[in-house]
């Protein structure tokens, strides 16, 4: 079915503003995730053992560095190279497909983190849950390798779904008054099918994430009821760990839903309506979500907080030394 599409031009001011916001989001996202990566990788360099959660955070930060890089490349494509009055170029197709795969890996890693929190914090007398928690703690490395394998399988299937369909273009110009014309790219439908397939592939990890997060919420409720009965002191390490874990998981859920909605909305904006401003807004929202969750992860992780404190103290002492040096030089003069 052919669709009448109105191609709207984007002013230089809008493109410049979007590019500035994209650079800012890329800088914040790159710095926060690179910080998580470097803190944990430094322990690997020093041959210190990494905990299971640190291993997952290390992999999660790598996947998000790729996400931010791809979204920044998408922003550059939108502002400088891709004209929506023309068919989507191959490089923009490749960026979108790579983003879908990186986003898939990001979801699997967040699910792995949720299962790990669940296995560590849930207190249960059921034998099955105890065995499952022990299995998750012991098999975390195998789970990470499985995530890499799933991402590779998703890559192959998305590429097959994209290239297995016939590629041809139908472009019919009806009239050119007010830059209105009939423009339909059958080739872009293949991108939509790949996008839909990739998100259907995301249903199993998302359900696992919801189940493990729900179990953690139930466990927190039971723990708080137990504390109300037996003690009045709410400064319990287990309670604080529950709350920090839930804060991380709930924030990821919110950011993932917002990012997924923006991604779904961007598809018809890009393929059907050719609305570049709408696509820019969606890309900006998608780039902000991983940065927000990375900041929450840093605030909820003791090792990362200590690293932030150390860096701030070092920066403060360096500024103080420079100020004292300038004051001494002025006194001598």
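The first residue you see is number 1, and the count goes up from there.
Every residue, even glycine, has its Cβ placed from backbone N, Cα and C.
Copied over from Swiss-Prot:
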TOPO_DOM  1-17  topological domain 'Extracellular'
TRANSMEM  18-38  transmembrane segment
TOPO_DOM  39-55  topological domain 'Cytoplasmic'
TRANSMEM  56-76  transmembrane segment
TOPO_DOM  77-94  topological domain 'Extracellular'
TRANSMEM  95-115  transmembrane segment
TOPO_DOM  116-142  topological domain 'Cytoplasmic'
TRANSMEM  143-163  transmembrane segment
TOPO_DOM  164-190  topological domain 'Extracellular'
CARBOHYD  178  N-linked glycosylation site
TRANSMEM  191-211  transmembrane segment
TOPO_DOM  212-251  topological domain 'Cytoplasmic'
TRANSMEM  252-272  transmembrane segment
TOPO_DOM  273-276  topological domain 'Extracellular'
TRANSMEM  277-297  transmembrane segment
TOPO_DOM  298-333  topological domain 'Cytoplasmic'
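Annotation: stretch 18-38 has the most Cβ pairs under 8 Å to the transmembrane segment (56-76), among 18-38, 143-163, 191-211, 277-297.
Most Cβ pairs under 8 Å to the transmembrane segment (18-38), among the stretches 143-163, 191-211, 252-272, 277-297, belong to 277-297.
Remote same-chain partners of the topological domain 'Cytoplasmic' (212-251), defined as residues 6 or more beyond its termini with a Cβ less than 8 Å from a stretch Cβ, comprise 111, 113-115, 117-118, 120-124, 292-293, 296-297, 300.
Mean predicted confidence for the topological domain 'Extracellular' (164-190): the pLDDT average there is 48.
Taking DSSP states H, G and I as helix and E and B as strand, the topological domain 'Cytoplasmic' (116-142) has 21 helix, 0 strand, 6 coil. When the topological domain 'Cytoplasmic' (298-333) is classified with DSSP, helix, strand and coil residues number 34 helix, 0 strand, 2 coil.
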